[in-house]
């Protein structure tokens, strides 16, 4: 029994790891390829989660809903709404230079959070949305359902990976990297830098929305306080830096590696004396914060570095 | 008489690619020395390497009989060297007075007021603009603020990187006259100059740098009359 | 009208003072080290908790124990600069931004670890506000905050324009390469930038914590408004940041006033979006800020 328990624990780690891999691939499009700093990952993730939840749940008096659409529609809707949100944001902010964009993205995350908390008619405010369906929820339940969901999540990871890989090697991706490494010369070569950036930002946000939807259908419930937005955003950044920004494989490997470390520390800290248990999550956060500093200083190209030589001065 | 500044076999560049190679240069006390040469010859790099702003890979530099190779810029200023870069050479949001004041920080003079009076007597135009932000001044006035700032540390040697770049011909005359005034006060000048002909006329000595190497050195007059120099670097016309 | 002053303008000035003191550091760090310091809000938190702890041991008014919080914040700032920011100085500054994002989390988890994640108050109990001319009401704390901020602003102005160190800081902010040519000790200027920025951040943190309560998210929640204040005042212009902070604070509070109808112009729950829109509008249309700051 111990062994099956461990197996299904591993399944749950891999599901969450897969969702983080999707987020990490999305950030790799924005930062790794496009050089766009985004500190608002959790915001677009939440937009996706709420969108998919709203279009797939049964009628409720507490929030907008009752569309009861099949889950694939939910995923697509999540990508569209998160992408459109990203487009609105990008339309305003994409011209901002690196540090300014970083500051603006903090504000974007904050505004998205405010909307979710305050617009109860849409999201049921801080009480959240319950009864988000799982795929084939009528057919399989319990642990088998987790296995099925694991397959679905990693199918999504694969699809997003193939998409990102195609983007990376396409002429579009090459132009993007040229802009990232030397904006001025790309501009001089007649590239519409702002247009490329806008597309990059929107694609990244749409993928973040997909990750949000995947998480909503996994947990079947979502509320503004279920996840800590800053921690999600931060973990994704650490994952990408550790995995190797600019490399899609690196993004997936980094997501898994950091998520395994994060989950393993949970096991370790759960054995601490009770008075320390409540504080254990802070110790873990502290360690991840320190890990990022280590990666930034000593391990900047990551586990799987980007292949083409970077022009960025490293 | 021994040289105030002596550079021997100096090699330097960026990222392992040498821009100047084995350059030798002597500057005697109280002279105006000018470095001329085509674009990209490494004239500015030579000046920056002497002032420890560019990494030196080989060679030695001595100043006033002391070895200064390897010293940092902040250590050179108190020894009596200052420099005026070619561009962005004033602090634009600081007032003229504050710009001058900053010039004293690395090597505080004994009597700051006296030094300030001395500097202002060289640039009387600045007196009326002491409380104005340096960024609001004309190009020529900014050059004066920049030179004034460099003189506030009472240097023995003043390094100037193209002091007339971008200035109108009228200002060019004024700046060159000022350089003669500055020398009269006992300051030795080593400068890089694009307006080679005019510069050589006021210079005691000139050094022609080509592709990062010494090409020829001599008195200003000798270089002005040197056929090869005239043909290649002075536009061919007679001096 | 009286309500407008008592309930909107004075609270706006108070929170604006907090933003102002925090934004000074952000603006100076941006000017001298050239990066947006994401951990500045959490530096405020650290300073606030420093004073909170001191109050437990020494029964004095929290404002008298400010130096304890300042010392803690200064120590924290110098340490993270030395170990986390300095090694990245030769890289594009966005790497330092990412590092400071991590430092923000480190500070926050340390605060949660040592001081728990709940709300803690400096002084319990409610004090009646002071009343002037029978109409103007202001709490003692708000008056202290506003007056202290004004004193700090004046002191900062004289420091920056009259003292050698202040002028050197402005010089490095203006033209770092020329400052090096002039032989200024840039690292010393950087150290003092952290000292002043952290000391003011601690002050702001204590003000904010006394106005409401101390909690680990206190500083991070103020970061956006402080960025907006720094941008509004012009990057690298500490005095501009003070003005920017006060303007953002007043704008946030008065945006919820019943200007056009009986309804608030902007729902109070969306107050913090005001800073964002001011910042973005400014970055797009007047990136140098109101007071001609530097551009990236």
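Positions of Cβ are set from backbone N, Cα and C atoms, glycine also.
Curation plays no part in TrEMBL annotations; they are all automatic predictions.
Here the transmembrane segment (A:6-29) has Cβ contacts under 8 Å with residues 38, 41, 45, 143, 146-147, 149-150, 153-154, 156-157, 160-161, 164, 167, 200, 203-208, 210-211, 214-215, 218, 232, 235-237, 239-240, 243, 245-248, 250-252, 254-256, 258-260, 263 of the same chain, all six or more residues outside its ends. Annotation comment: TrEMBL describes A:6-29 (among others) as transmembrane segment.
Annotated transmembrane segment per TrEMBL: A:36-59 (among others), in sequence order. Residues 23, 26-27, 30, 65-71, 73-75, 77-82, 85-86, 89, 94, 98-99, 101-102, 105-106, 108-109, 111-113, 116, 122-123, 129, 131-133, 197, 200-201, 204-205, 208-213, 215-217, 222, 224, 227, 229-230, 232-233, 236-237 of the same chain, all 6+ positions outside the transmembrane segment (A:36-59), place their C-beta atoms under 8 angstroms from a C-beta of that stretch.
Among the features that TrEMBL reports, transmembrane segment is placed at A:71-93 (among others).
Sequence annotations record features per position, and here TrEMBL assigns transmembrane segment to A:147-164 (among others).
What TrEMBL records for A:201-219 (among others) is transmembrane segment.
As annotated by TrEMBL, transmembrane segment applies to A:225-243 (among others).
Residues annotated as transmembrane segment in TrEMBL: A:250-269 (among others).
For A:281-299 (among others), the entry in TrEMBL reads transmembrane segment. With a threshold of 8 Å between CB atoms, the same-chain residues lying at least 6 positions outside the transmembrane segment (A:281-299) that come near it are 231, 234-235, 237-238, 241-242, 258, 261-262, 265-266, 269.
Listed as Cβ neighbours of the transmembrane segment (A:147-164) (distance under 8 Å, sequence separation of 6 or more from its ends, same chain) are residues 11, 14-15, 18-19, 21-22, 25-26, 28-29, 75, 134-136, 140, 207, 210, 214, 217-218, 248-249, 251-252. If you count C-beta pairs under 8 angstroms between the transmembrane segment (A:250-269) and each of A:71-93, A:201-219, A:225-243, the highest count goes to A:225-243. Only residues 6 or more beyond the boundaries of the transmembrane segment (A:225-243), in the same chain, are considered here, and those with a CB under 8 A from a CB of the stretch are 20, 23-24, 27-28, 31-32, 39-43, 45-46, 109, 113, 126, 128, 215, 219, 250-255, 257-259, 262, 285, 288-289, 291-292, 295-296, 299-300, 302-304.
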